[in-house]
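Visitor: I have a structure I would like to understand better, so I am pasting it below and will then ask my questions one at a time.
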């Protein structure tokens, strides 16, 4: 018999390493951006009104990014504190031997979090937390605004990178963009030049990854699926596009993308889920 989930510790140090690396990378990006803006070529030349709009956009993006990240990390998607005992067990319920508890449909046990997650989608290793029923909305919005912030940073750093690349050959440009570490180790670039190329490379790659993740999870959102259900071709909870959006994002699903603190309560509880039959989408 394993220990009940309430008595077990949280994920160990190895599982936290991606979170540490994510935080360190974010710090490097901020330092490089500050260095280029203050001591380097500075931001692209703009008119005062355009500059004010750019600053407003940056502040808006940053607020959305940090707001959704905070909501994601503060939301507990697990069965901790959820009254499961005494509920009428129906189809889809199962017994988790690790948690020593009955768990509802669409739940899954996470070996990193060491607890079952309500409507578990996957474990986000970069943030060290599972994506489930209660934090799916901020996770999706986080992908959107992370892609926007990373692209904005790439644009702000592009004049400095362009000035560096114009002074060298095409082969040097390709090598610096694709193999900045090798260029640094062989002494072809300075540490400052390497940092600039590395940050721009990772920001562009990060934006592409966030964009791809947003497209993938947007598809799942419209289909009413989790990643686990998608991998197994299950469509048991597909209520149609409109119902699926409201089930995951609340009644204000079209507005939650623009402001992280907008009230849009979820219609469910993460324990019971409607099926197409319940909403009259299946006829005999």
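For all residues, glycine too, the Cβ spot is worked out from N, Cα and C.
Worth saying up front: this structure is predicted, and the values here are computed from it rather than measured.
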Visitor: Can you check whether Swiss-Prot puts residue 17 on the same side of the membrane as residue 235?
Guide: no
Visitor: Labelled transmembrane segment by Swiss-Prot, one stretch among 112-132, 196-216, 217-237. Can you tell me which?
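Guide: Here Swiss-Prot associates transmembrane segment with the stretch 196-216.
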Visitor: Any idea which of 83-103, 167-187 is down as transmembrane segment in Swiss-Prot?
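Guide: That would be 167-187, per the transmembrane segment entry in Swiss-Prot.
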Visitor: Using Cβ atoms only, state whether the transmembrane segment (19-39) and the transmembrane segment (196-216) have three or more pairs under 8 Å that are 6 or more apart in sequence.
Guide: yes
Visitor: Restricting to the chain of residue 124 (active site, S-palmitoyl cysteine intermediate) and a gap of 6 or more, list residues whose Cβ falls under 8 Å of its Cβ, or answer none.
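Guide: The answer is 130, 131, 139.
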Visitor: What parts of the chain pack near the topological domain 'Cytoplasmic' (188-195), using Cβ distances under 8 Å and only residues at least 6 beyond its ends?
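Guide: Distant contacts of the topological domain 'Cytoplasmic' (188-195): 28, 32, 35, 164, 172, 175-176, 180-181.
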Visitor: As a test of reading the model: what is the averaged pLDDT for the topological domain 'Cytoplasmic' (1-18)?
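Guide: Computed over the topological domain 'Cytoplasmic' (1-18), the mean pLDDT is 51 on the 0 to 100 scale.
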